[in-house]
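Per Swiss-Prot, these features apply:
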TRANSMEM  5-25  transmembrane segment
TRANSMEM  39-59  transmembrane segment
TRANSMEM  69-89  transmembrane segment
BINDING   GLY77, THR80  Na(+) binding site
TRANSMEM  103-123  transmembrane segment
Amino acid sequence: MKWTFILAVAAGGALGSVARYLVGIGFGKWLGPKFPWGTLFINVTGSLLIGIFAGLFAVRWSLPQAARIFLVVGICGGYTTFSTFSLDTFYLIERGEMASAAAYMIGSVVLSVGALIAGIQIVRVI
């Protein structure tokens, strides 16, 4: 275990978490709290971002491992919110909003995987 990797995760995680918080608050103020649009947006854009990083690491970027860990594990890990997604789904189900819960689950997974694929494809094209 290298301390540089731990510090990279901590620093990136702090930045990603702050970004997630600000985006979530912004969406809540913009669209209201009834549906977890902020979490959906965060998961989709986080998947796009990690796809772009993966694509760049594979073909273009020759970054040190600590930098890769900072970007992917730190920033993307701090930014994406799968655990929050699970809790938001539970709340929708608990309120009896089964159609919203199903749409949210399917939409989150399909759009996030699609965004990851798009991120990799973007890098392959440019």
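Just so you know, glycine gets a Cβ as well, placed from its N, Cα and C.
Sequence-distant contacts of the transmembrane segment (69-89) (same chain, six or more residues past either end, CB-CB distance under 8 Å): 5, 8-20, 24, 36, 39-40, 42-43, 46-47, 49-50, 53-54, 63, 101, 104-105, 108. Under the three-state DSSP scheme, THR80 (Na(+) binding site) falls in the coil class.
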